[in-house]
Amino acid sequence: MKAIVFAYHDIGCVGLNALAEAGYDIQAVFTHTDNPGENRFFSSVARVAADLALPVFAPEDVNHPLWVERIRELQPDIIFSFYYRNMLSDEILSLAPQGGFNLHGSLLPQYRGRAPINWVLVNGETETGVTLHQMVKKADAGPIAGQYKVAISDVDTALTLHAKMRDAAQELLRNLLPRMKEGPLPLTPQKEADASYFGRRTAADGEIHWQKSAFTINNLVRAVTEPYPGAFSYLGQRKLTIWRSRPLDLVHNKLPGTVLSTAPLTVACGEGALEIITGKGEAGLYVQGDRLAQEMGIVTDVRLGNKPSNTLKRRTRVLILGVNGFIGNHLTERLLQDDRYEVYGLDIGSDAISRFLGNPAFHFVEGDISIHSEWIEYHIKKCDVILPLVAIATPIEYTRNPLRVFELDFEENLKIVRDCVKYNKRIVFPSTSEVYGMCDDKEFDEDTSRLIVGPINKQRWIYSVSKQLLDRVIWAYGVKEGLKFTLFRPFNWMGPRLDNLDAARIGSSRAITQLILNLVEGSPIKLVDGGAQKRCFTDIHDGIEALFRIIENRDGCCDGQIINIGNPTNEASIRELAEMLLTSFENHELRDHFPPFAGFKDIESSAYYGKGYQDVEYRTPSIKNARRILHWQPEIAMQQTVTETLDFFLRAAVIEKTAAPKDELNA
């Protein structure tokens, strides 16, 4: 059987040797050149390939059409990936009739993503393993050919566990590869509900937070000890690295980070204490804990912790245009919870952000972006991060007021983009899931999916193309003039304060608010085209946490990125959303304040939205970028979001009803 191999690291060497032992006809080996900045403790795939007299390549982009064509010419029957660090394109995977298989260092679907060996230790797991699975478009998500379990001991480090995983990979491949030569193996689909994802780790992730338990900190130490950069803390400005430690079940009344003793060197944690067995100080020598204390002048009752800043760092100034809107007010709440941020906001109303008006870190001006251009330009110049959240984003307006949509969503926002270029300010721009249009991919990918819209006479696409054109303009400014930007694409965020019932009364609201209005007023719930359209609903708190991490932008990780923010597991049709709402409504404690349910009513989209409307059957995000870049995973189930959103609007409706007679008397 002819095979193409993509491999790196020790596991890559194991995989290559296992294929050779099993008698595979290896046509070519693709690997990576060594990174001089990486502590390379593992064997070389290139050397193993050379010893086996195999052709070996290390292209910068193996998915380039030239390399795809060269692989096509080799006519592989099967493709293997063993710790190769780049995703292989669908085009490459389609070249092998038997498909492509990847060896992953965990028991999938748990610990998808990067650095699974380090992560299982950080999280204190007692078992892991290796998985051979078929490669699909979504990373680490394909059906499983086989697994081999590995026990994790209390004293395992990343290096010792790596050795166990290497042996496990060898055993798994010795079992599976000969059978795969005889014919396709039965594959077991992964359970998405059990999946977890962990992103890339950096040296900075080794910083110790002493308020955590001694057990948790010790897990970090063994996860990142040699050959990795190590867990570290600071004594004033001086850094110390911990190579080996031991958690102690010790009761104390000291603040976390306080040195309890120097021989042995023991530090108070949020729960228990940590004995530092070996480490290094600024001299760089590997020494015992008590010697480390002597070298660094550590004494009892001194505190270890974060490196103090030499200068008083001012707060990051965030300008939010449309601060009173759904995303704007929730984002403001999250930013003001962190004393690193100061928020400047503009909007035509203030009902949703009135709760922040007394906060000294919040500055608000009531105004219209089309009128207050001088105020906006001044504050773009003054602030650090700019979020232009002002837009018409309700579907009925796309056909009812297409020119107004274009003028506000494109023309006014283009001015803001150009001011960001002019003053060299970072822009975090709200793109939209609408830009994907009628994309035919199973999951909409920021980097590869086609953006497909309808004909010109379908005016509903004016919002989509206005946003898409701004995305392209921002990208071009980034490439040509160095604009710092991040584009984020929300997928059906919902929660309290999404639109309001007055907007729903004139049809200018999102789906859930419109459905709630029907329940509140006792009118039939109108299901456009039967409500068969599916969407992935995302809780506002999940969405805001991702957006907060984009604004935070650790190590510039979000610069020049496009990031979908959605929850693929919360997919439901509009009819299913309506039924879920109805169930929660009937069980709500305020149910008696509202009329009887008037039933469902199917209605054609043209009758509801008018001529020029065209709908999309489904809209499912790929969130690999959010997981990889932000280390973010949506957590809140749709039922919880629906319940909280309904509760917010029902309580608001009751207050509105009880206030009405007073208003009439005052009149």
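Yeah, the Cβs are placed from backbone N, Cα and C, and that goes for glycine too.
Just so it is clear, the model here is predicted, and its values are computed rather than measured.
Taken from Swiss-Prot, the feature active site, proton donor applies to His104 (among others). When other Cβ atoms within 10 Å of the Cβ of His104 (active site, proton donor) are tallied across all protein chains shown, the result is 25.
Within the same chain, residues at least 6 positions away in sequence whose Cβ sits under 8 Å from that of Glu434 (active site, proton acceptor) are Tyr463, Ser464, Lys467. Here Swiss-Prot flags Glu434 as active site, proton acceptor.
DSSP classifies Arg619 (active site, proton donor) as coil under the three-state reduction. Under the heading active site, proton donor, Swiss-Prot lists Arg619 (among others).
Summarising the environment of Lys138 ((6R)-10-formyltetrahydrofolate binding site), the number of other Cβ atoms within 10 Å of its Cβ, over all protein chains shown, is 19. Residues or ranges marked as (6R)-10-formyltetrahydrofolate binding site in Swiss-Prot: Arg114, Val136, Lys137, Lys138, Ala139, Asp140.
Around Asp368 (NAD(+) binding site), the same-chain residues at least 6 positions away in sequence with a Cβ under 8 Å from its Cβ are Ile348. In the three-state DSSP assignment, the secondary structure recorded for Asp368 (NAD(+) binding site) is coil. The NAD(+) binding site annotation in Swiss-Prot covers Asp347, Asp368, Ile369.
The Cβ of Arg535 (UDP-alpha-D-glucuronate binding site) has 22 other Cβ atoms within 10 Å, all protein chains considered. Arg535 (UDP-alpha-D-glucuronate binding site) carries a strand DSSP state (E or B). Per Swiss-Prot, the feature UDP-alpha-D-glucuronate binding site maps to Ala393, Tyr398, 432-433, Arg460, Asn492, 526-535, Tyr613.
The region 'Formyltransferase ArnAFT' feature in Swiss-Prot is assigned to 1-304.
Positions annotated as region 'Dehydrogenase ArnADH' by Swiss-Prot: 314-667.
For Asn102 (site 'Transition state stabilizer'), the same-chain residues 6+ apart in sequence whose C-beta sits under 8 angstroms from its C-beta are Phe80, Ser81, Phe82, Leu132, His133, Gln134, Met135, Asp140, Gly142. Residues or ranges marked as site 'Transition state stabilizer' by Swiss-Prot on the basis of sequence analysis: Asn102.
Asp140 ((6R)-10-formyltetrahydrofolate binding site): 23 other CB atoms within 10 A of its CB, across all protein chains. Annotation source Swiss-Prot lists site 'Raises pKa of active site His' at Asp140.
With a cut-off of 8 Å between CB atoms and residues at least 6 apart in sequence, the same chain places Asp602, Ile603, Glu604, Ser605, Asp615 near Asp529 (UDP-alpha-D-glucuronate binding site), listed in sequence order. Considering only the residues assigned to (6R)-10-formyltetrahydrofolate binding, Arg114, Val136, Lys137, Lys138, Ala139, Asp140, the longest pairwise Cα distance works out to 17 Å.
Rounded to a whole number, the C-alpha distance linking Ala532 (UDP-alpha-D-glucuronate binding site) with Ile369 (NAD(+) binding site) is 37 angstrom. Figure note: comparing Cβ neighbours within 10 Å for the recorded positions Lys526, Arg619, the maximum is reached by Arg619. Just so you know, the Cβ of Asp347 (NAD(+) binding site) picks up 24 other Cβ atoms within 10 Å once every protein chain is counted.
Around Ile369 (NAD(+) binding site), the same-chain residues six or more apart in sequence whose CB sits under 8 Å from its CB are Leu321, Gly322, Leu346, Ile376, Pro388, Val390, Leu408, Glu412, Ile416, listed in sequence order. Residues Asp347, Asp368, Ile369 are recorded as binding NAD(+); their most distant pair of Cα atoms lies 8 Å apart.
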